[in-house]
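Trainee: Feature table excerpt (TrEMBL):
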- 1-26: signal peptide (SIGNAL)
- 31-57: region 'Disordered' (REGION)
- 31-43: compositional bias 'Low complexity' (COMPBIAS)
- 222-470: domain 'Peptidase S8/S53' (DOMAIN)
- Asp231: active site, charge relay system (ACT_SITE)
- His263: active site, charge relay system (ACT_SITE)
- 386-409: region 'Disordered' (REGION)
- Ser425: active site, charge relay system (ACT_SITE)
Amino acid sequence: MRALINGLLAAALAAGTLALTPAAHAGPANAIPRASSAGSVPGPAAPPPATGGPAVPKVRGQVTLITGDLVTVSESGHRAEPGPGRTVDFHTQVSGGHLYVIPSDALRLVASGVLDRRLFAVTQLLTWRYGDADRSDIPLIAQGAAAAPRSARAVRPMGGLGLTALRVPKQEAGRAWQELAAPRALAAGRGKLWLDGRREFTLDRSTAQIGATTAWKQGVTGAGVTVAVLDTGYDPSHPDLKDVVSHAKNFSEEPDVSDTFGHGTHVASIVAGAGEKHRGVAPGAKLAVGKVGGQQGASDSAIIAGMDWAVSEAGAKVVNLSLGAPDSPGLDPVEQAVNTLSQRTGALFVVAAGNSGESSPASSPGSADAALTVGAVDREDRVTAFSSGAPREGDHAIKPDLTAPGQEISAALPGGGHGEMSGTSMSSPHVAGAAALLAQLHPDWTGARLKAALTGTAAPTAGVSPYRQGTGRVDLVRALGQRIVAETDGAWAAFPWDGPGGRTATKAITYVNTGESPVTLDLSAEGEVIALAARRVEVPAGGRAQVTVTIDATGKAPGDYPGIITARAGETVVRTVAGAYVEPESYDVTITALDSQGAPAEPWAQVYHPESGAFRDLVFQGGEAKVRLTEGDWRLHAEVREDQARITIASTAFTVKDATSRVTVDARRGRQVRSELDDPTAERGPAYQWSLAEGGWGASMVSMRGGIGRLHVIPARRPGLRYAAHTSWFKKGATPSPYRYDLVDRRDGEIPEDPVIMGRRRDLTTVTAVYRASGVAATGLEGSGPVIPGWLMNTTTPNRDRMELPATITHHRTPGFDWTGALVVGAMALDDPVRRARSGREEWNVAVSGPAFASGGEGRTGDASRTGDRIAYTAGPFFSDGVRGRLGLDDAATGTIVLSRDGREIARADLAGCGRRPRNCRIGAEVPAGEGDYTLSTVFRRQVAHSALSTSVESVWTFRSGTTPEERPLPLMAVRYAPGGLDSHNRARAGSLVRVPLWVERNPGAPRSAVRSLTLEASGDDGATWRRVPAVRTGDGWTALVRSPAAPGFVSLRATVKDASGAGVTQTILRAYAVR
């Protein structure tokens, strides 16, 4: 809603907003090597979305970006608003299930890799509760002084890793961005800035399954070894963990190391639990528990700080990380920390592979080279369906490294009991415990040696690819008993299609004999591309022997070639993963851009693969961009912007055939977009928008100034291409204009040669819109715009003029499209649902203005919900008018929220500026476990120049609630009214009988429960006295007849509702409508 308030009122000053929304699948580079950003976009792999439009995000809310700009996500789409003093475009894309909104002045920094793309993943930020309703700062991790703005607050350095966790207050974001975007800061490549993101915790017979019981019988229990568990804390009073934890420290935002989630206690007891029945893998080891998060996950900076503490202060030899996030090309801060600390300290980091199944790569930081990454098997050593295992992002290397039990694992839970959990979170501590046992036997071994010993001795599951299981299920009997360890920097190669060195690589495996007798190993290789220099090698006692491995993919088709090298000597078996990835046929393509004068240009541009849906951002320097693309058909979509005076849109089809492939975008070929209307009294307005889409890719822009004449398009014709443009017309010399024309030109299969947006009055629909006043004269600004599903055109453009209310505007619109609208009056904003363009009448700012709930259940239920024993509530649209589906709030209103249980107050919050500062209008409170009777009351009051009505709006909800296993919406209700017969000031005639239809709305996602009773009361003296008014059931609501006072004044309304579940609300609106 804030985007409506600020965006429309600032429309005359705003340069425009750009919403470029590729709905395609993200196409990251197949980086070779993994740490490089160079590489190819995947070729055909999966069909693009059928509609060509992005999925509506399942969250809603407002997010202040690091640039100071604001993005609002709602059920119907999103709006982006430039921060104060900024004139930028907004590029958006849907990738990995999340919506990214990137301001144009951040694009180059994101593309170059110095600015974390996740800083603009608005739906991810909302999911992580980084939105404006949940926190007032932006959490960051900076590398280098240039990435740390002066307005940021340092919260923790991270162990000599060159990283610092920062927090930038959102009100300072614009100023911070000016520092970051300065020529000598990030733009000069001096440092890097990440979002301090979150990682999820990747949720009796298992110890015997891996051979731990055999180790115990031999006296190997992990004694003398410290294992760090970085998780959700632990239960210090649990019998299984008594006297087990030697170090504990809290790195989370919660108050102490106590485990309120259960995950950390469970994981810790799998490693080293001391219970008789539920004994951990290494019951003699000591635990260092670092609490790095809770139910909402763990921040990257907390994880890194915990890792450093574990190895530098707590003395941990092994560190367990049962957490992760989707992997991406390159190295993120946590992956860097795993690699750096492993090398620096000799510790072993054991990491869960993730629970996304066989089609997903191992999660981060399990994707780090140094990590010992663990997948999950069931009790029969079958790889579980949830265990992640697919080629690693970038080089397609094999992860996980091995597997361990992870299905229905029984272990300790907070409160002294035990319970079963499943996930690679449970597999990882099995291996961490196994590493502790091995470290007891070999205290001088490094983490790399421990990793090699565990992976080399794992027991494979027959017929299962190494991508799913690595070398197999951890086998402690072999790991503790064998004396041969295979060490290698990696017997894996990634070959570019046309690399200068061909497709042959030489690797080495060193076999280390820790025993007292020489061992002769027979070697064999499974895999199409693996060749061994020797089939037999002798490893001397206490010595080592090296074997050369040739990875030869010459003549092989593009794809993955995983394999295993096995060394045998009697009962001794050592396995090492090996193989290659061959890139699809790909070439470096040069793309040139010229402006309308033929000079080099630096446009925003993307290449898009129409079959797979893969796309890539391009970065131009000196009018050229280079990108590596797979052979075949591609599309180039570009926007050449020239000092706000001219924008040229291009969409070009091209074919990549060989290394000579080149593409040129030439703005000189652009045709000016015009608009024509057969009404000589009208003139074009300053706002316009365009949309372009093809397959799963789409882009749109809305501009608030300059008019449609700024826009130029380069004609194109091909199947599947879709183009649309929209502009408005108003009456010449009339302020405000009594009418508005909204004209749309939509084309299938082409960007037109003659781009004219044509309007003929006889062909247009006509809607008479009445904008009421609320008892006093006021100034308002309306906005409207077309909604084209899959075309990404769903943004309102403001009227040229403000209007004095009450007012009437006649809207003439191109038929065949849906439309959305908005109205701002003072600090109050109303947002209309999508409506079909048909002739008729609509009314705005209709009494009664009061509480409402959004239709549908796709928004984040956290707006009013209970999760476990925490209740969260954000005051919503308390000033919605009397039209179904329409939502509104008033930023000038103030008030209070109070939450009580069994008559005792638990939490209270003051309300002010809920549109601009939703965090100010939210409570979040820990409540007692178990069932209880709750009262949640919210009251807004306003004394404003733009309205004499709804001066006090109060809802008092009562409901019963108990501990929940997951987030559940609260059973809140709102009563809405639409009194008939009121005039344009929302006034009834004195003494008249007013027919008042009313209906009940519910919190989205809350259980449906029939209304058992509804009582309505009215007052003519601002609530001093009340009289009951009968309400009769009609359709899906009720109807009441309310007698107006005999003298001018106001009518107040109070409704009391009870449903079948026992939940209820008493809603009181003072001065609901006026009387004249």
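Even glycines carry a Cβ here, placed using N, Cα and C.
Where in this structure would I find these features, and how exposed are they?
Mentor: Taken residue by residue with DSSP, Asp231 (active site, charge relay system) is part of a strand. In the shown protein chains, 29 other C-beta atoms lie within 10 A of the C-beta of Asp231 (active site, charge relay system).
In three-state terms derived from DSSP, His263 (active site, charge relay system) belongs to a helical segment.
If you look at the region 'Disordered' (386-409), the same-chain residues 6 or more away from its ends with a CB under 8 A from one of its CBs are 28-34, 39, 205-206, 209-210, 266, 270, 327-330, 353-363, 366-367, 371-379, 420-428, 430-431, 434, 451, 454-455, 458, 461, 465-474, 490, 492, 494, 560, 562, 577, 579, 581.
The secondary structure of Ser425 (active site, charge relay system), as reduced to three states from DSSP, is helical. Its Cβ placed at the centre, Ser425 (active site, charge relay system) has 31 other Cβ atoms within 10 Å.
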Trainee: Taking all residues of the domain 'Peptidase S8/S53' (222-470) together, what is their mean pLDDT?
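Mentor: Residues in the domain 'Peptidase S8/S53' (222-470) carry a mean pLDDT of 94 in this prediction.
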Trainee: Could you give me three numbers for the region 'Disordered' (386-409), the DSSP helix, strand and coil residue counts?
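Mentor: Going through the region 'Disordered' (386-409) residue by residue, I get 0 helix, 5 strand, 19 coil.
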Trainee: C-alpha of Ser425 (active site, charge relay system) to C-alpha of Asp231 (active site, charge relay system): distance in Å?
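Mentor: Rounded to the nearest whole number, the Cα-Cα distance is 10 Å.
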Trainee: Rounded to the nearest Å, what's the C-alpha distance separating Asp231 (active site, charge relay system) and His263 (active site, charge relay system)? Just drop the number here, would you?
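Mentor: Cα-Cα distance, Asp231 (active site, charge relay system) to His263 (active site, charge relay system): 7 Å.
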Trainee: Enter the number of other CB atoms within 10 angstroms of the CB of His263 (active site, charge relay system).
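Mentor: His263 (active site, charge relay system): 28 neighbouring Cβ atoms within 10 Å.
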